[in-house]
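Asks: According to TrEMBL, the protein carries these features:
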| type | residues | note |
| --- | --- | --- |
| ACT_SITE | H116 | active site, proton donor/acceptor |
| ACT_SITE | C217 | active site, acyl-thioester intermediate |
Amino acid sequence: MVYGIISQAHREQDNFERLEETIKQPFLAFDPSQTQEPPETDDASSPYAALKEINQDFWGWICIEGTELDYPVMHTPKNGEYYLRRDFDGKDSQNGVPFLSASCYEGCGNYLIYGHNMKNGSMFATLLSYADRAYWEEHPIIRFDTLAASGEYKVLAAFYSEAYPQDAEGVFRYYQYTDVSDASVFEDYVDQVQKAALYDTGVIAVYGDELLTLSTCSYHTKNGRFVVVARKEESPQLG
């Protein structure tokens, strides 16, 4: 049985590498000296268009340079956890594929992405390393590309949390803050994130900024979670 699990993990990693090879061009690096407005583009001109053709549930690609976190991101609004235990092709998988919260949509203001904390260090396991400030200093940037635009996000906070029972009062349910289009909701979210943060990164977010929230399981408590929140930098569209 152990061999079977290891074999499956290797097959799934090979599959992710195959998907990477289908991307028409690598991540676009953000050049802060670039002042010219990027040209308009559409899904068909995106370097990720090929992956969208393979699977219509494909939404984007997430990567933290120098780590194993380098995966496609899926989105199934009508069945939010469809890829929790399925691979990119929809086959049974212990690893699953990182996926957006069902409540996310283009322009929601806070892309919430879930991924497993695998014992072999794959998927979102590396997020737990952000509990160490030194790790954040080495990996301050998260890259998340969608079909429409490339994105570099500066990590502003990392914290422990949990999936709280419905009757729990006075708790911060970070997973309920995907639509932050309202200024008061945005400011409330950022304020609670900063209060929960394990250390001060010096990175701030103001209303109008786009946020990225990554969530994975943590075993510090029952139904524990570890969360990393980042703020998008200005970046060019893909094309």
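Just so it is clear, glycine is given a Cβ too, placed from its N, Cα and C backbone atoms.
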Asks: Using DSSP reduced to three states, classify H116 (active site, proton donor/acceptor) as helix, strand or coil.
Replies: coil
Asks: For the residue listed as 'active site, acyl-thioester intermediate', what is the tally of other C-beta atoms lying within 10 angstroms of its C-beta?
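Replies: Other Cβ atoms within 10 Å of the residue listed as 'active site, acyl-thioester intermediate': 19.
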Asks: Give me the long-range Cβ neighbours of the residue listed as 'active site, proton donor/acceptor': same chain, 6+ apart, Cβ under 8 Å, in sequence order.
Replies: L84, Q94, N95, G96, M123, F124, A125, T216, C217
